[in-house]
Amino acid sequence: MPSNICKFFLTWWLIQQVTGLTGPLMLDTAPNAFDDQYEGCVNKMEEKAPLLLQEDFNMNAKLKVAWEEAKKRWNNIKPSRSYPKGFNDFHGTALVAYTGSIAVDFNRAVREFKENPGQFHYKAFHYYLTRALQLLSNGDCHSVYRGTKTRFHYTGAGSVRFGQFTSSSLSKKVAQSQEFFSDHGTLFIIKTCLGVYIKEFSFRPDQEEVLIPGYEVYQKVRTQGYNEIFLDSPKRKKSNYNCLYSSAGARESCVSLFLVVLPSLLVQLLCLAEP
């Protein structure tokens, strides 16, 4: 009997790790995502992030290459751009880098953070990008479009969020272009009040991009036809993590990471307890 129980829980845990990797994606609150807003620890993170960035470079060659490319572009466009007090070269470089080739790999790591937090090598990049949007946000709301080649399914109950940083466009034509959308995908029509218009920072200004932080929550969700989803009433923010990589958040970090690995630990302990 203990052996059967062990097998059951091991199978259950493995299923949890792969659920959602195939077929339509669930539109929910993205519980596995890394969604830190760094509330109360910005000064600490500004001190620590440069060191974290070097650590990330050592473990993530793609990020290092993308960062160096973005840094060159940022230095070229910086003199002709306006930005608020507190916005520095790190913030600008991160924002430019996101519009390049790194976004797909970065967002995958953000979405799957809870499954493997030890392999998250975008610590500083996540902070700088989050902070860039916070500094550039002026409270304006935008009506935007996002086309995907992946089908999303909404159960019809509850608020939702993307969890990851989400690119959208002021242009429906851009969102529905073959580069981003297919007949088997989903077209999102979104009202965002935390998203920031980043055309002036982008490698692709023709995309008319509005970048939405993953912690924006939409309280009204409506589906239309086969592949359109409307997201409205973005009045709340939700994060499961805060100041995870700052010394100010050391206690919270331990608790959060313990909760992340708890299911696998329970499975292993159960198996070891067999006679």
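The backbone N, Cα and C atoms fix where each Cβ goes, and this holds for glycine too.
Copied over from Swiss-Prot:
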- 1-20: signal peptide (SIGNAL)
- Cys41-Cys243: disulfide bond (DISULFID)
- 61-238: domain 'TR mART core' (DOMAIN)
- Cys141-Cys193: disulfide bond (DISULFID)
- Arg204: ADP-ribosylarginine (MOD_RES)
Within the chain of Arg204 (ADP-ribosylarginine), which residues six or more apart in sequence place their C-beta under 8 angstroms from its C-beta?
Thr99
Measuring Cα to Cα, tell me the gap between Cys193 (disulfide bond) and Cys243 (disulfide bond) in whole angstrom.
23
Averaged across the domain 'TR mART core' (61-238), what pLDDT does the model get? Just tell me the whole number, please.
96
Roughly how many Å separate the Cα of Cys141 (disulfide bond) from that of Cys41 (disulfide bond), to the nearest whole number?
26
Fewest other Cβ atoms within 10 Å: which of the disulfide-bonded residues Cys141, Cys193 wins that one? Let me know.
Cys141
